[in-house]
């Protein structure tokens, strides 16, 4: 998809990108935006919000968006995800439930229940049936659900509350409180294949799997991101780096890395943070590909579309300063950034 007639190359040649062509999504959520997810089959964007609603938009070639559907939970919605065939949207909520919305029928139904908030939802390929929904909760469990059944087909006990989760087959990675990282191979979905401690010293805020399912990136509240390979023989390629910081003399303002997203074609990735900026990175050449100016508010979540030529990000309060700092004057926007190839393509390592 060519978003509103964009060129295949950027008009900006320096290290700072341009936001002038970014387009705002019409009729955004009315409270903090918690998650964004594009359909793998069409230009549909799902957004979850603290206003207890899930909204689904159609993004047109002009860059304009049209609201296509809306459904509600009984509490703030924290996570959204699409089924592989693009016919269903799953959502997890503070109301301790997960729901699935059918795009074709326009109906939603509760498909999962926990003893505490459902922090993350992901459709997975496991256990010989499809689709299976994995739900990670603050009740310290991961559950798998066959959408045709009212009880989970399997439950995995976790060391702590789920803070972030992502899946690229066969890898399912769950980050919990106390900096635990649980790695699951979906060929054995009820077993924790590897339990590791985050290499970052502070609380995990975001997580995303590599596009080949052989590793993951994690971000912390302390302005750091880490790249982790699953195979021990590639451990020498693991590293972490600083990001989303404002250096002033000998001190620095440090911001949370709220969102990480991998480009579906190139495997390069984005980070977005509480400082109101996002950047594109190449993990293999250890380079920042492009940074972008402040967008006018904290970025709470972000994602690429299926072809990688649209980067969606939400300008919204991220709750990093607690309830008392939230107010009605803060923006709630979803922006669509056209992604020229030269801003996101991998680069050779320096010195080669």
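Don't overthink the numbers, they just go from 1 along the chain as shown.
From the backbone N, Cα and C atoms, a Cβ is placed for every residue, glycine too.
A quick note: this is a predicted structure, and the numbers were derived from the prediction, not measured.
Annotated repeat 'WD 1' per Swiss-Prot: 28-58, in sequence order. Mean predicted confidence for the repeat 'WD 1' (28-58): the pLDDT average there is 97.
Below 8 angstroms of C-beta separation, residues 31, 34-42, 44, 46-54, 56, 108-123, 125, 130-131, 133, 135-137, 145, 147 of the same chain, each at least six residues beyond the ends of the repeat 'WD 2' (72-102), sit close to that stretch. As annotated by Swiss-Prot, repeat 'WD 2' applies to 72-102.
The feature repeat 'WD 3' is assigned by Swiss-Prot to 113-146.
Taken from Swiss-Prot, the feature repeat 'WD 4' covers 192-229. For the repeat 'WD 4' (192-229), DSSP puts the residue distribution at 0 helix, 22 strand, 16 coil.
As annotated by Swiss-Prot, repeat 'WD 5' applies to 252-282.
Looking at which of 28-58, 113-146, 252-282 has the most CB pairs under 8 Å to the repeat 'WD 4' (192-229), the answer is the stretch 252-282. Remote same-chain partners of the repeat 'WD 3' (113-146), defined as residues 6 or more beyond its termini with a Cβ less than 8 Å from a stretch Cβ, comprise 75, 78-85, 88, 90-98, 100, 152-167, 169-170, 172, 174, 176, 182, 184, 186, 189-190.
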